[in-house]
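Worksheet: the structure to be examined is printed underneath.
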Amino acid sequence: MEIAKEKSGAKPEFIDNEDESLRESIVIFDFGSQYSLLIARRIREMHVYCELVSHDTPWEKIAHLNPRGFILSGGPSSVYEAGAPLAPAYIFESKLPVLGICYGMQAITHQLGGVVEHSEKREYGHALLHSSVANSDLLSDMPEPSPVWMSHGDRIEKMPAGFTALAYTENCPVAVMGNEADIYGLQFHPEVVHSPNGKIILKNFVFNICKCHANWTMGNYIQESIHNIREQVGDGQVICALSGGVDSAVVASLIHKAIGDQLTCIYVNNGLLRREEADRTLHVFKNHMGMKIIYVDAVDRFLDSLSGVTDPEQKRKVIGSEFIKVFEDEACKLGKIDFLAQGTLYPDVIESVSSVSKASAKIKSHHNVGGLPAHMKLKLIEPLRYLFKDEVRLLGKELGLPDEMIWRQPFPGPGLAIRIIGEVTREKLEILRAADWIVMSEIKKAKMYHQVWQSFAILTDVKSVGVMGDFRTYGYLVAIRAVTSEDAMTADWAKLPYDLLSVISNRIVNEVKEVNRVVYDISSKPPSTIEWE
């Protein structure tokens, strides 16, 4: 589908476009739900491209995506609140399929002339979904009944003209609705794991109703990215920050594949790395990547900048700013450098901005997107900014990166600075490195390294009294953090065996003399974040 050329201010005119050489997409409008990004993940898992955009995004901003359908996310608002977000009118004018989820369903109802009312019986948690009709394209192959996850206080009192109730729950007579124009609404969340058959509904919408093809692969993404990188860079020169993690490794490999020796990689030792991190990283890159690499020892520079800084947000800003200064300095030494490459991922972008929906609060600045000073002289190139972590790993595999690089656990850009609560000092860094080395060694020995998303130690600013032999001690408290996750947007604490935790704790208090107490963090995300700072 294309938008016809039009005079300024005229209504958009939609034209069917069956050219399959154009990449198809599903466009998801974000109304502020904590699950919005999860919808995008579910669509991507089907090998169909999608993007999450603000609910008020104009057509001109998404026309290039060649949308085959629209999804309206859930959200915390009520359609009758002053300033409540609504769907753009063009989605209904486009004649393309629309699926509203929770608040998205209520927005459809309200905008198309139905009635939404506050429900006396709110539904939060599990419910059983029962079909109201014999056949439905949206509910095809759904078990009867099917458990779903409800989270709403408003309900549909009267459907818009032409709509039919397709399914119900005990407290929700219109749990699913639809019309002949392929506009549908769900009063539950099919994207969450608590709706075990929700993927069936999403697949029905994407393939049977929107007629998408499962042709978005990492191989295609590589070719498209190479083309885009060459177009963006031209004859320019690029420097890429190597961190040792999979994100920067994939970025470097992808850009090198596109422009070869126009890329120079810079590995900065900022003094915030784990034990043996620098040596291991340089070894892997020199032996497997075959790129130009510059090693920069900036330990004193970073630690001096962090002196006296205790606020976690300020730490991130200081580190991000100092990184840019280092790269600018190195760029001057190299001559004319035009671009800085970064491994920014989709969740980084979503979590760092106030929201694509303007309805969610900023959680924390990401080191790749929040710490950049306004005066930065280098232009950014971020070829992974629309990918999830698991997609980056698949991309790395497609690019031929070694498994030891692809399957490394994520390590934050600010490094150990945000795993030390309070001021970062050389003494605290050595304590944390020793404790973290023990955690990682024992996790690997127990063959659980690839079963958890991240595992690490945190050096708190708490000290407590202990006894070692016949002597009183007053040492630091170290926390152990291990989580399971798919994409870092949500995470659950890992149920590590007690015996393993016991070994880790005993080793830390015996081998790291400044520590006399170890605790295990059993918080999930949300409400906690994975990192403590």
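Just so it is clear, glycine is given a Cβ too, placed from its N, Cα and C backbone atoms.
Here is what Swiss-Prot records for this protein:
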DOMAIN    25-215  domain 'Glutamine amidotransferase type-1'
ACT_SITE  C102  active site, nucleophile
ACT_SITE  H189  active site
ACT_SITE  E191  active site
DOMAIN    216-408  domain 'GMPS ATP-PPase'
BINDING   S243, G244, G245, V246, D247, S248, A249  ATP binding site
Closest of C102, H189, E191 to S243 (ATP binding site), Cα positions, active-site residues only: E191
Which of S243, G245, V246, D247, A249, the listed binding-site residues, has fewest other Cβ atoms within 10 Å: G245
Confidence summary for the domain 'GMPS ATP-PPase' (216-408), mean pLDDT rounded: 84
Extra residues within 8 Å (Cβ to Cβ centroid of S243, G244, G245, V246, D247, S248, A249), ATP: L242, V250, V251, G343, M405, R408, F411
Those recorded positions listed as C102, H189, E191, G244, S248, and which of them has the most Cβ atoms within 10 Å of its own Cβ: E191
Within 10 angstroms of G244 (ATP binding site), Cα basis - active-site residues out of C102, H189, E191: none
Rounded distance in angstrom between the Cα atoms of E191 (active site) and C102 (active site, nucleophile): 11
Cα separation, H189 (active site) to V246 (ATP binding site) (Å, whole number): 32
Those recorded positions of H189, G245, D247 having Cα within 10 angstroms of the residue listed as 'active site, nucleophile': H189
Whole-number Å value for how far H189 (active site) lies from D247 (ATP binding site) (Cα to Cα): 30
C-alpha spacing of H189 (active site) relative to G245 (ATP binding site), in angstrom: 33
